[in-house]
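Participant: Handing you a structure now.
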Amino acid sequence: MAMAMRLPAISRAVTEVASSPVGLRRLFCSNASRFSFLSPPARRQAEPSTNLFHSGLSKRITSERSLWNRIFSRNMGGGPRTFPGGLNKWQWKRMHEKKAREKENKLLDQEKQLYEARIRTEIRAKMWGHPDSGEKTAKLKQSHGPMSPKEHIKTLADRFMKAGADDLWNDNDGPVKKFDQGSRSCSDSIDSTPIDVRRLVSATCDSMGKHRVLDSSRRGFSSMSRFKRNESSCDEGDDVDAKKLDTLSPFSPKFSGTKEKVKSSTSVVGVIRNKGLFGRRKFRKNDSSTEEDSDEEGNEGKMIGWMDLRKTGSSASLGNHDIKLTKRVNRNVTDEELYPPLDINRVREDLSKKQSVDNVMEEKQEPHDSIYSAKRFDESCISPLTLKALSASGIVKMTRVQDATLSECLDGKDALVKAKTGTGKSMAFLLPAIETVLKAMNSGKGVHKVAPIFVLILCPTRELASQIAAEGKALLKNHDGIGVQTLIGGTRFRLDQQRLESEPCQILIATPGRLLDHIENKSGLTSRLMALKLFIVDEADLLLDLGFKRDVEKIIDCLPRQRQSLLFSATIPKEVRRVSQLVLKRDHSYIDTIGLGCVETHDKVKQSCIVAPHESHFHLVPHLLKEHINNMPDYKIIVFCSTGMVTSLMYTLLREMKLNVREIHARKPQLHRTCVSDEFKESNRLILVTSDVSARGMNYPDVTLVIQVGIPSDREQYIHRLGRTGREGKGGKGLLLIAPWERYFLDELKDLPLEPIPAPDLDSRVKHQVDQSMAKIDTSIKEAAYHAWLGYYNSVRETGRDKTTLAELANRFCHSIGLEKPPALFRRTAVKMGLKGISGIPIRK
């Protein structure tokens, strides 16, 4: 009965304390003591139930312990574990590796010191030993004598010899120069007789009473008695000739005397040296305390010199190997030999030789014919079929650029060519390209599995690539089987592939982006480019700039190294010339047809500048256009704007004002750009509003006026824009329209003949007409122009530096184009431009 009453209590206690291991232990011990009151028979009856309870309880305990371990403990597997000092295992490992390296370096230093000590001991033994004591030397070598330098070097070399390797040691290894034995007397032979103090004192007093020779010499020696770290106390280099004593007496400048006085002082010094009475000297760490005494007979006419610092190292360690035995005799050089008189005539001749090709050719030519040379195309090594095509086009004479570059390019040399705009650069590299293709096709080395591409021409814009392709096809119209293809953006990728496979393509003209797309998409173009012979980069300063540099590098990696490379541009800054080493060989030619100190623009192009408030620019441009149209019946005008959307706004405004205008910018489709470009080439009385896509290389004939609204990106871009007029030696005008806060750009153009002119007075009727036309333009075009204008001037370093001022200028531009308030920017765009939180820049929520 009692047993039945106690069992429920035990079960309740188990459930209450089963969650902790401590409670389980207490429960187990208390239940074991509770059965002690029973009699032995009853206890035996209760043992089965007790055993059952113990087994269940033990299982519960083990399960609870396993659960406890799973929750509150973890294995030593993954996860960060720290070592002493808060280091992880990699830091701990690197620390011990560093300690091991330091320990190894210490051992090597100790071994090096032991080696140097052994070498010094060996040298002393050889230099001081008796030449006749062969038995004694043999005994020392048999017992514990020092190792020779050869033996020690061979022992060190054997440490690094792998097992099984051949021993390549020979007698030629080791010291190059033999030590001169017998040059020094033995240390045992030094006179060890007692010093005659009376003789020493009398001689000292005698010399001091005369001219203090001993005092000066003693002071000179004592000044050198202490040596710096790692220096020697050897006195071998301290003996000088007595004749030089007058020049070696900084402590006694009035020292002078006869030979007898010098002899008396020398005798005293000789006594001191022979008796070893220099006293004990204090040496620092790693200093040598060895004194090498010279013989009496050989040093009678010598004495100690305190200023002879020819040697500061130990002679015992290196002997005479660290001394230059023969001194260089300084000959007396006159001022005339050092600075010869300048020959004025020779300097003038050198300067005349360095004149540019431009100035030289101008002397030979007529004054009105500025770009053509006297050389004809039929005088050069050009194929007859190409000459026939040139004659059909009316081209007979070469330009100066073609005359200077054609011979170099036809010889297969790499060249970097700088020439003015509109001087025939395209023809200068197309003719060598055609000759390269003809030579490669006639050589017929091997049979190509795929049709090879022999010439690759890179251009920055689509219009320029299309223009060069048209010129190349005109030159190849009499050649059969030679084709010119273009790879430019704005066309279908699949159509480009089909055209390359179906039509002949020995000359490929491409823009970097589309060419890289074909290379990376494994269209088979890479294998065709492996037979490339000539690589041409037109407008190299732009293609090798930061914008195209990565794409050009990837393209160059796919081209063979054995090729000819040509780089052409009207402007070549120093940075671009450094980067040009990626394309050109080291021995390339640099052909500058402009010349140092010459103006990079054409002389026949009149350049002017108008500084006017930015709010009046959209009123001034129509006024300037109408004024030029009235003065020039056969006008052809190009208006350059900063961005594509500002170009679209300017085009829409001029169209609303009933002007004959066209537009080209990057936002337009390629078909539209090609049609407008061809129309502008063939027509007159037309106005082209464009962005920088038409600034480089485009040959628009008979352009009479170029207007640049706002500052260009840099000086080079201004020159390229202006180069659209005045081509082929003709005249033209260039006008730069800037705001007052853009005056800083004029400092970059100070070497150009830019004439400032005042802004014209605007009629109120013209202003009203412009305002009415601006009000008709869609708001979306204005907002896009505002965003593009803000992004452009934010990227310009001078204007984008001060964001608050930039916001004020943007608000002025906003009001000038007819917007009541500036349109909001996306938050992400504002953050990228650094305009978040700037007053006057609204953010779209």
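Even glycines carry a Cβ here, placed using N, Cα and C.
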Participant: Quick one: sort out which of 375-403, 404-432, 781-809 is the motif 'Q motif' according to Swiss-Prot.
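Facilitator: That would be 375-403, the stretch labelled motif 'Q motif' in Swiss-Prot.
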Participant: To which of the residue ranges 190-193, 206-209, 538-541, 834-837 does Swiss-Prot assign the term motif 'DEAD box'?
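Facilitator: Feature motif 'DEAD box' in Swiss-Prot: residues 538-541.
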Participant: Just to verify: the residue among Gly422, Gly424 with the fewest other Cβ atoms within 10 Å, which of the binding-site residues is it?
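Facilitator: Checked Gly422, Gly424; of these binding-site residues, fewest Cβ neighbours within 10 Å: Gly424.
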Participant: Does anything in the same chain, at least 6 positions from Thr421 (ATP binding site), have a Cβ under 8 Å from its Cβ, and if so what?
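Facilitator: Correct list: Ala570, His602, Ile719, His720, Leu722, Gly723, Arg724, Arg727.
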Participant: Out of Lys420, Lys425, which of the binding-site residues has the smallest number of neighbouring Cβ atoms within 10 Å?
Facilitator: Lys425
Participant: Can you tell me the three-state DSSP label for Lys420 (ATP binding site)?
Facilitator: coil
Participant: So what's the mean pLDDT when you look at the motif 'DEAD box' (538-541)?
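Facilitator: That stretch averages a pLDDT of 86.
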Participant: With every protein chain in view, what's the tally of Cβ atoms within 10 Å of the Cβ of Ser426 (ATP binding site), excluding that atom itself?
Facilitator: 20
Participant: Could you give me the DSSP helix, strand and coil counts for the motif 'DEAD box' (538-541)?
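Facilitator: Split into helix, strand and coil, the motif 'DEAD box' (538-541) gives 2 helix, 1 strand, 1 coil.
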Participant: Sort out the sequence-distant neighbours of Thr423 (ATP binding site) for me: same chain, 6+ apart, CB within less than 8 Å of its CB, listed by position.
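Facilitator: Within the chain, Thr423 (ATP binding site) has Cβ neighbours under 8 Å at Ile371, Thr399, Arg400, Val401, Thr593.
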